[in-house]
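Residues or ranges marked as region 'Pyrophosphorylase' in TrEMBL: 1-230. The domain 'MobA-like NTP transferase' annotation in TrEMBL covers 7-137. Under the heading UDP-N-acetyl-alpha-D-glucosamine binding site, TrEMBL lists 10-13, K24, Q73, 78-79, G140, E156, N171, N228, R317, K335, Y350, N361. Taken from TrEMBL, the feature region 'Linker' covers 231-251. Among the features that TrEMBL reports, region 'N-acetyltransferase' is placed at 252-448. Annotation source TrEMBL lists active site, proton acceptor at H347. Residues annotated as acetyl-CoA binding site in TrEMBL: A364, N370, Y371, S389, A407, R424.
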Amino acid sequence: MSLELSVVVLAAGMGTRMKSALPKVMHKVAGKTMVNHVIDTAAKLDADKTMIVVGPDMPKLVATVAPHPTFEQTDRLGTAHAVLAAKDALAGLSGNVLVLYADSPLFTVETLERLVSAREAGDHAVAVLGFRPDDPAGYGRLVTDVTSGELLAIVEDKECDATQRAINFCNSGVMCFRAEDMLATLEAIDNANAKGEFYLTDAVAVARAKGHSCVAIEVDEEETLGVNSRAQLAVAEAIMQDRLRKAAMEGGATLIDPASVFLCADTKIGRDVIVEPNVVFGPGVTVGDNVVIKAFSHLESCNVGEAADIGPYARLRPGAEIGAGAKVGNFVEIKKAVVEDGAKVNHLSYIGDARVGAKANIGAGTITCNYDGYRKQHTDIGAGAFIGSNSALVAPVEIGDGAIVGAGSTITGKVEADALTLTRAERIEKAGWAAKFREKMRALTGKN
Ligand code: UD1
Ligand code: MG
């Protein structure tokens, strides 16, 4: 669907109930700030322009939403006043203007498209997204005409009479305006009400008084969740995780215990991937087809090639690039390193700032010593190389293709291809020494 659409995102609230130094809308759900969830939804709606209304002194928020333009609402005089902060940018727009709250990250693209379409279908001045909560207290009530179903007014909770208060059809906060007369409508809203605020919701009554029509459509309550507290943030997280898990499964991944797998909004998982219980995906992870991710693994900002085998208890940190068919086993940490196709790092290793060539085998307990306290240095391990267990590779170091490093070595510099290298103290053996030692100690201590 091609919609002529601009979006205004209200993000001016500090969110005092979050008890945070961060503006509320910068708190994350599934690894992405709430405001970016809303901006990304607008992008999926193919909005021509997305404008963010911010509060005073929120430089981090302005940076987070860049390059989208921001408009500062200096005094908090109500939702209509907030939208009018973007007044200059709203002038001259045509089509639809959708108003979204940045603290409500769960509205889906489909729902918002439905709202915009409903506005366009009847060429209404305003279309409102309504829902029916069990407890309507606190919400604006949608007053509709019983016969035509037309939206007559939105009455804020504080302004309701007894009949209106009994209505359970409520304003979710999402409203879509006909761009051409939006400004005139908003500018006609006054603040003669209980809170002394300029209510955006009064736009319905104002538009109707001018002879325009308005409409309301309904959405499931779950999508309307607004986050005001850490507890509500956790509820939003749970809903989002549920959606992401379902999407991963619909995409062809098996999640053995979906409830214990945590995904990010940008996690990409291929087909026939198996994710065992208790796996956490941080931001920026791509997993190819046929990968197995075993229990208790943690992945962030990394790519896993097809048919690779990860975990259990693997940690893939930013910049880990795991090749096709490679293995990263238990208690292995990989950071900013390429593990090429078919290479194996099966147990208890740290590989950082490195390349592990195709089909190389990294023995248990291998450590790339990449940091000297000042600089990060590179380790290059050639294709088919074999690193013996418990080796320290002190970067910068280069192990040639097919070379073998003897177990327990500390290696620096360059090792030629196909060479054997090892550093090992000479072995000493004293025949019968242990038995004599025990005899002496027994005599000395009287212990067996
Ligand atoms: C608003 C609606 C109400 C709806 C409810 C849904 C109005 C007048 N009322 O009520 O009909 O049922 O949301 O949750 O619109 N904001 C600003 N600047 C302001 C005031 C608000 O940016 O001056 C932002 C807030 O940060 C928030 C949003 O607008 O994200 C809504 O404001 P809020 O005060 O929560 O409105 P409600 O009273 O909940
Ligand atoms: Mg509210």
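Keep in mind that glycine also has a Cβ here, set from the backbone N, Cα and C atoms.
Keep in mind that TrEMBL annotations are predicted by a computer and have not been checked by a curator.
Feature annotations (TrEMBL) mapped to structure.
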residue	record	contacts (Cβ under 8 Å, 6+ apart)
A12	UDP-N-acetyl-alpha-D-glucosamine binding site	V53, V54, G55, Q73, R76, A82, A85
K24	UDP-N-acetyl-alpha-D-glucosamine binding site	G13, M14, G15, M18, M34, D103, V227, N228
G140	UDP-N-acetyl-alpha-D-glucosamine binding site	I154, V155, E156, D157, C170, N171, Y199, T201
R317	UDP-N-acetyl-alpha-D-glucosamine binding site	E300, S301, C302, E333, I334, K335, K336, G352
H347	active site, proton acceptor	G329, N330, F331, V332, A364, G365
N370	acetyl-CoA binding site	G352, D353, A354, K376, Q377, H378, T379, A395
Y371	acetyl-CoA binding site	G352, Q377
R424	acetyl-CoA binding site	G406, G408, S409
Checklist entry - Do you know offhand how many angstrom separate S389 (acetyl-CoA binding site) and L10 (UDP-N-acetyl-alpha-D-glucosamine binding site) by C-alpha? => result 57
Next on the checklist: According to DSSP, collapsed to three classes, what secondary structure does K24 (UDP-N-acetyl-alpha-D-glucosamine binding site) have?
Outcome noted: helix
Item to check | C-alpha spacing of A407 (acetyl-CoA binding site) relative to L10 (UDP-N-acetyl-alpha-D-glucosamine binding site), in angstrom | outcome: 61
Checklist entry - Any idea what DSSP makes of L10 (UDP-N-acetyl-alpha-D-glucosamine binding site), helix, strand or coil? => result strand
Checklist outcome for this item: In the same chain, residues at least 6 away from the ends of the region 'Linker' (231-251) whose Cβ sits under 8 Å of its Cβ atoms read 18, 27, 29-30, 34, 105-106, 222, 225, 258-259, 261-265, 267, 269-271, 275
Checklist entry - Non-local Cβ contacts of A407 (acetyl-CoA binding site) (under 8 Å, 6 or more apart, same chain)? => result G363, G388, S389, N390, S391, L422
Checklist entry - According to DSSP, how is the region 'Linker' (231-251) divided among helix, strand and coil residues? => result 20 helix, 0 strand, 1 coil
Checklist entry - Across the region 'Pyrophosphorylase' (1-230), what is the average pLDDT of the model, as a whole number? => result 97
Next on the checklist: List, in residue order, those binding-site residues out of G78, N171, S389 with a Cβ under 6 Å from any atom belonging to ligand 1.
Outcome noted: G78, N171
Checklist entry - For the binding-site residues L10, A364, which Cβ has the most other Cβ atoms within 10 Å, all shown protein chains included? => result L10
